[in-house]
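Copied over from TrEMBL:
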type: DOMAIN; residues: 3-183; note: domain 'KARI N-terminal Rossmann'
type: BINDING; residues: Tyr26, Gly27, Ser28, Gln29, Lys49, Ser52, Ser54, Gly135; note: NADP(+) binding site
type: ACT_SITE; residues: His109; note: active site
type: DOMAIN; residues: 184-329; note: domain 'KARI C-terminal knotted'
type: BINDING; residues: Asp192, Glu228, Glu232; note: Mg(2+) 2 binding site
type: BINDING; residues: Asp192, Glu196; note: Mg(2+) 1 binding site
type: BINDING; residues: Ser253; note: substrate binding site
Amino acid sequence: MPAEVFYDDDADLSIIQGRKVAVIGYGSQGHAHSLSLRDSGVEVVIGLKEGSKSRAKAEEQGLQVMTPAEASAWADVIMVLAPDTAQRTIYAESIAPNLSAGKALFFGHGLNIRFELIKPPADVDVAMVAPKGPGHLVRRQYVDGKGVPALVAVEQDASGNALALALSYAKAIGGTRAGVIKTTFKEETETDLFGEQAVLCGGASALVQTGFEVLTEAGYAPEIAYFECLHELKLIVDLMYEGGIQRMRYSISDTAEFGDYTRGPRVVNAQTKAEMQKILAEIQSGEFTRELIADDEAGGPALAKYRQQGAEHPIEVTGKKLRDMMSWVDRPITETA
Ligand SMILES: NC(=O)C1=CN([C@@H]2O[C@H](COP(=O)(O)OP(=O)(O)OC[C@H]3O[C@@H](n4cnc5c(N)ncnc54)[C@H](OP(=O)(O)O)[C@@H]3O)[C@@H](O)[C@H]2O)C=CC1
Ligand SMILES: CC[C@](O)(C(C)=O)C(=O)O
Ligand SMILES: [Mg+2]
Ligand SMILES: [Mg+2]
């Protein structure tokens, strides 16, 4: 069945303009949602813990900051945009005691609801507005008069108007300019985790690093390996983004196209597909989430170790040197975009 897609004309901005919105967290998504909600005429307050590093940034942008508990008590709509691993504690300590009947609890990703780390009471709306892109791009596109496509889902419709409220919120952050697709918390969570692990982040990073290693270990210059395996990837992906894989194949040389058909399936092969299926099964069974939460409860040692290893990969040293020579490439991630 084709997905239901909503655009600007399908959403009523005045609904969210009539509500008080607390955004918990002021990071990648939090800053983007808050600033765009504010610019769309919505009353917004940011919820951050005492001593938060983000407080100064939010206040510099003219936003009012309260503690998560105060913001939740003040708001009609509470959007949870802190890291997924922090959400269950924020909910238990600060949101739940202030989540009275008739309020709405919103998420930017469904993990905590899908895996029952958060169990809201039945008398509140529970919905999701999940942009399909990084927060800094969500904000940049909004400022440019465009939007990043988003997903909306309703887990609990206590008011009978949860979908209209979610669409109104999505309009306020630019999502309906590009198109908002209706989904479920289960579908969003499982596909989002699969996409980021197997293709977009995990798959792409491993592909780039391994290609770089093969070329440099064979004695080729790291600078050339960097351009071939990382820098040019953006140019190739831009063509796919604009016109699909066929547009990219039309634009590249016949030699590259022949190599694409004959060599690509040897790199990503039946074994790779079987591993992707295993990764999906671990997501669906909750095994991945249990591993994520166990690491968080231990203070995040595995995440810290992987971060360190990633930062020390030789491609980062080469990349930094080359990007320093191409100032236009290293576009800073700005909070105000
Ligand atoms: N990153 C992205 O682009 C996308 C994220 N999402 C989803 O959006 C949600 C937010 O992700 P993301 O934007 O990456 O999050 P970030 O890691 O960028 O969030 C960091 C923010 O959360 C605050 N924070 C951390 N712990 C707490 C706490 N205990 N109480 C209150 N605030 C806290 C931090 O404050 P401090 O400065 O004090 O540490 C900071 O302001 C997640 O559900 C994620 O899956 C969905 C789509 C894309
Ligand atoms: C692709 C990673 C993502 O799912 C996103 C930017 O959409 C995330 O969780 O950050
Ligand atoms: Mg995503
Ligand atoms: Mg994600």
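Any Cβ shown, glycine's included, is placed from N, Cα and C.
Predicted automatically and left uncurated, TrEMBL annotations should be read as such.
Taking the features listed in TrEMBL, we show where each one sits on the structure.
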residue: Tyr26; record: NADP(+) binding site; contacts (Cβ under 8 Å, 6+ apart): Ser34, Ile46, Leu48, Ser52, Ser54, Arg55, Lys57, Ala58, Leu63, Val65, Leu81
residue: Gly27; record: NADP(+) binding site; contacts (Cβ under 8 Å, 6+ apart): Ser54, Leu81, Ala82, Pro83, Gly135
residue: Ser28; record: NADP(+) binding site; contacts (Cβ under 8 Å, 6+ apart): Pro134, Gly135, His136
residue: Lys49; record: NADP(+) binding site; contacts (Cβ under 8 Å, 6+ apart): Thr67, Pro68
residue: His109; record: active site; contacts (Cβ under 8 Å, 6+ apart): Asp84, Met128, Ala130, Glu188, Thr189, Asp192
residue: Glu228; record: Mg(2+) 2 binding site; contacts (Cβ under 8 Å, 6+ apart): Gly211, Leu215
residue: Glu232; record: Mg(2+) 2 binding site; contacts (Cβ under 8 Å, 6+ apart): none
residue: Ser253; record: substrate binding site; contacts (Cβ under 8 Å, 6+ apart): none
Those binding-site residues, Gly135, Asp192, Glu196, Glu228, Glu232, Ser253: which ones have a Cβ sitting under 6 Å from ligand 2?
Asp192, Glu196
Cβ under 6 Å from ligand 1: qualifying binding-site residues of Asp192, Glu228, Glu232, Ser253:
none
Out of Ser28, Asp192, Glu196, which binding-site residues lie by ligand 4, with a C-beta less than 6 Å from some atom of it?
Asp192, Glu196
Say we define neighbours as other CB atoms within 10 Å of the CB. Which of the binding-site residues Asp192, Glu196 has the fewest?
Glu196
Suppose we screen the recorded positions Lys49, Ser52, Ser54, His109, Asp192 by Cβ distance to ligand 3 with a cut-off under 6 Å; which survive, in sequence order?
Asp192
Return only the integer: C-alpha distance in Å from Glu196 (Mg(2+) 1 binding site) to Gln29 (NADP(+) binding site).
16
For the domain 'KARI N-terminal Rossmann' (3-183), what is the mean per-residue pLDDT, to the nearest integer?
98
Please name the residue among the binding-site residues Gln29, Ser52, Ser54 whose C-beta has the most neighbouring C-beta atoms within 10 angstroms.
Gln29
What is the maximum Cα to Cα distance, in Å and rounded to a whole number, among the residues Tyr26, Gly27, Ser28, Gln29, Lys49, Ser52, Ser54, Gly135 annotated as binding NADP(+)?
21
Within the domain 'KARI C-terminal knotted' (184-329), count helix residues (DSSP H, G, I), strand residues (E, B) and coil residues, in that order.
125 helix, 0 strand, 21 coil
